[in-house]
Amino acid sequence: MVGSIILIPLVMVPAMGGSADDTAAVVSTVLLVTGMNTLLHMFIGTRLPLVQGPSFVYLAPALAIINSPEFFGLNDNNFKHIMKHLQGAIIIGGAFQVILGYTGLMSLFLRLINPVVVSPTVAAVGLSFFSYGFAKLGTCIEMGILQLLMVVIFALYLRKIKLFGYRVFLIYAVPLGLGITWAIAFVLTATGVYSYKGCDANIPASNNVSAFCRKHLLRMKSCRVDTSHALRSSPWFRFPYPLQWGTPVFSWKMGLVMCVVSVIASVDSVGSYHASSLFVATRPPTSGVVSRGIGVEGVSTVLAGLWGTGVGSSTITENVHTIAVTKMGSRRAVGFGAILLLLLSIVGKVGAFIASIPDVLVAALLCFMWAMLCALGLSNLRYSATGSSRNSIIVGLALFLSLSVPSYFQQYGVHPSANSSVPTYFQPYIVASHGPVHTGSGGVNYVLNTLLSLNMVIAFLVALILDNTVPGGRQERGLYVWSESEAAKRESAFVKDYELPFKIGRAFRWVKCVGL
């Protein structure tokens, strides 16, 4: 859960040309919006104890938009200029998700969404960032490998060790691994291991006269922990507010991309709703409750767009893993955590501290987080017949094509006006909108080339079409079983789990698609 909340801004803001101070401000904004949206979902959403925060589902399309042709050649205020376009696209995508949820269309769409569809779609989200992970980690190979090994040791080898009755190492593998590795990097920096005579990590490579310094500049920037000045320059208190980056810019082509992505985010959330309900509730929610949750996620994404987090808001998939491990699914605990995030968001030094995490450690953590996201996606197959050749072929084909088709679209090369200094791990997103589709409309070209270069879109389309056209029994397909509305209303335990508080639901009983 901590991973996507703090790590997504550390990837996105530098990609937009933002400074360390900008990163700190976005982190604080993410903390605020995550707290607000979690409370919103807890009261008027599905009411399941799920954290609503920045989603990895939105990261790849956001990076594709960031690297759109119209942003090439910008000199000043890159960050704010691009962020305003992202905000507009996110707001449009969120509004579409609101319509999807509150009109009841999601209830109809649920008939097509099954574990065989959800599994490769979520797994493809994790696999889509393989070009970023180790490529970035390798800029300071010893610290990156150490960070990755620390998290793996805590999460796997020490997972059964309990302290105070809890599997502390499994639950807190990421923060523990980060803290230890960061401390080691601090000691190495202080003792001069990453110092080179006459070289300064804060001087750009273009200004370095010495070839020796230019050679070691990347290593110094990646390995040292004192290259960020965010903690020193940020204020103690900062209040994130709507439209803090300026008035959002609305573009129909970018908005359409986000509308499709919001559908995939909804599919991801459906799997999380079903899995978490089996851990914490008496029975799965009704299709109306699911629609209500998707509608609230749309509202949350609109709020994320207004505040400017850079990505939409969705159910954090890793949260289901946390519930399964801790066996704790209390709304009160989630509410307390949300309030804590709200308080931390106004302390500027907290955001600055997170923004100071060295890039190589971020990359190592993301290698683990994206691998876990892939695993959580594939775990949805346990609700279906995993030994079925039908399901195996569908999932295998969806995953293979989710890697192969985007590679075909990305082979068309970098736009001639693109910035050649962009790191290689961002190249797939630079070429996202320059694929082979050529129609009479530049906007249509942009939408189709961008969507078909996104791994999760291909995985979703292939799995959706095959699972709903290839014959298969209910047990083989593993159809999600949602509770029947009329039967659920007669169970007091079910009503206690899902009914809206303060008798709000009574005023909307006539809205069958969003009620019990």
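Count begins at 1; order follows the chain as displayed.
Glycine residues also receive a Cβ, built from the backbone N, Cα and C atoms like all the rest.
Copied over from TrEMBL:
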| type | residues | note |
| --- | --- | --- |
| SIGNAL | 1-20 | signal peptide |
| TRANSMEM | 27-44 | transmembrane segment |
| TRANSMEM | 56-74 | transmembrane segment |
| TRANSMEM | 86-105 | transmembrane segment |
| TRANSMEM | 112-135 | transmembrane segment |
| TRANSMEM | 141-158 | transmembrane segment |
| TRANSMEM | 170-194 | transmembrane segment |
| TRANSMEM | 249-267 | transmembrane segment |
| TRANSMEM | 333-354 | transmembrane segment |
| TRANSMEM | 360-381 | transmembrane segment |
| TRANSMEM | 393-409 | transmembrane segment |
| TRANSMEM | 446-466 | transmembrane segment |
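Same-chain residues lying 6+ beyond the ends of the transmembrane segment (360-381) with a Cβ under 8 Å from its Cβ atoms: 3-4, 7, 10-11, 56, 115-116, 118-127, 129-130, 132-134, 136-137, 139-140, 143-145, 147-148, 151-152, 155, 173-174, 177-178, 181-182, 185, 222-223, 271, 275, 317-318, 320-321, 391, 395, 478. Here the transmembrane segment (170-194) sits apart from the transmembrane segment (249-267); fewer than 3 CB pairs are under 8 Å, leaving out pairs fewer than 6 apart in sequence. In this chain, the transmembrane segment (112-135) lies in contact with the transmembrane segment (249-267); the count of Cβ pairs under 8 Å, excluding pairs fewer than 6 apart in sequence, is at least 3. Taking every recorded stretch in 27-44, 86-105, 141-158, 446-466 and counting its Cβ pairs under 8 Å to the transmembrane segment (112-135), the highest total belongs to 446-466.
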